[in-house]
């Protein structure tokens with residue numbers, strides 16, 4: 001009964017106090033409107049890069065492009081040496097590819113260290129020692145230290161949410177054309193009691209280049225411009 005009460009308190013706390021950062025900012029990138037105008041948001045970052053507009057879902061949905069070939073870069077516009085120089089240190093071989101990768105979806109590897117998921121220890125596990133109830137009283141789990149650690153390890157493994165990576169083709173007008181993006185993978189509810197699911201907890205940004213002309217029909221003032229593409233780097237069990 002004592003353990004069941006603590007687990008219930010744990011589930012309530014995770015949903016109510018934002019401990020798992022379920023409201024962390026997520027992004028949706030609208031690269032091209034149907035009119036072909038202003039395909040990037042007007043907001044600029046401190047380094048001059050155009051940035052994504054806020055949204056509620058990652059990974060990003062596939063972009064619906066205009067089929068007009070006039071909007072594509074010509075072979076002479078794709079100078080790999082110059083584009084690599086433009087990206088500089090932002091070019092990341094682990095998450096970017098110039099060609100289609102042989103394996104599109106990475107195997108899901110659950111990495112463990114001493115029987116626990118590899119990574120930072122979730123702060124909610126401290127609730128399995130003691131928790132304050134709604135009336136202000138404190139509920140303590142009276143277990144020997146080694147048994148309490150086994151219980152914490154069990155709950156940590158049960159609620160662990162891995163990131164599954166897959167390669168995505170961004171189109172002819174983006175360089176590099178392939179990105180490895182993450183998604184939160186789960187085949188069941190990750191909580192006790194069931195109800196919560198694996199959701200994004202943290203993200204990072206990768207800099208890509210987008211082909212853009214001020215006048216596509218006349219191919220005037222064309223250049224590769226930088227933009228930030230968000231990808232999931234960490235998932236957690238959340239409401």
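Heads up, the Cβ atoms here are built off N, Cα and C, so glycines get one too.
Nobody curates TrEMBL annotations by hand; they come from automatic prediction.
Here the structure is a predicted model, which means the values were calculated and not measured.
As recorded in TrEMBL:
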SIGNAL    1-17  signal peptide
CARBOHYD  79  N-linked glycosylation site
DISULFID  161-198  disulfide bond
DISULFID  184-235  disulfide bond
DISULFID  190-237  disulfide bond
DISULFID  213-222  disulfide bond
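Sequence features annotated in TrEMBL and their locations in the structure.
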| residue | record | DSSP class |
| --- | --- | --- |
| 79 | N-linked glycosylation site | coil |
| 161 | disulfide bond | coil |
| 184 | disulfide bond | strand |
| 190 | disulfide bond | coil |
| 198 | disulfide bond | strand |
| 213 | disulfide bond | strand |
| 222 | disulfide bond | strand |
| 235 | disulfide bond | strand |
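Close to residue 198 (disulfide bond), meaning Cα to Cα within 10 A, are the following disulfide-bonded residues out of 184, 190, 213, 235, 237: 184, 190, 235, 237.
Note: the Cα of residue 184 (disulfide bond) and the Cα of residue 213 (disulfide bond) are spaced 36 Å from each other. On its own chain, residue 222 (disulfide bond) has 73, 77, 211, 212, 213, 214 as residues at least 6 apart in sequence with a Cβ closer than 8 Å to its own Cβ.
For the pair residue 161 (disulfide bond) and residue 235 (disulfide bond), the C-alpha distance works out to 5 angstrom.
For residue 79 (N-linked glycosylation site), the nearest of the disulfide-bonded residues 190, 235, 237 in terms of C-alpha separation is 235. Looking only at the disulfide-bonded residues 161, 235, the densest Cβ neighbourhood within 10 Å occurs at 235. Distance between Cα atoms for residue 235 (disulfide bond) and residue 190 (disulfide bond): 11 Å, as a whole number. By a simple count of nearby Cβ atoms, those within 10 Å, the most crowded of the disulfide-bonded residues 213, 237 is 237. Taking Cβ-Cβ distances under 8 Å and a sequence gap of 6 or more within the same chain, the neighbours of residue 190 (disulfide bond) are 158, 159, 160, 161, 196, 197, 198, 237. The 10 Å shell around the Cβ of residue 184 (disulfide bond) contains 22 further Cβ atoms across the protein chains shown.
Of all the recorded positions listed here (79, 198), the one with the fewest other CB atoms within 10 A of its own CB is 79.
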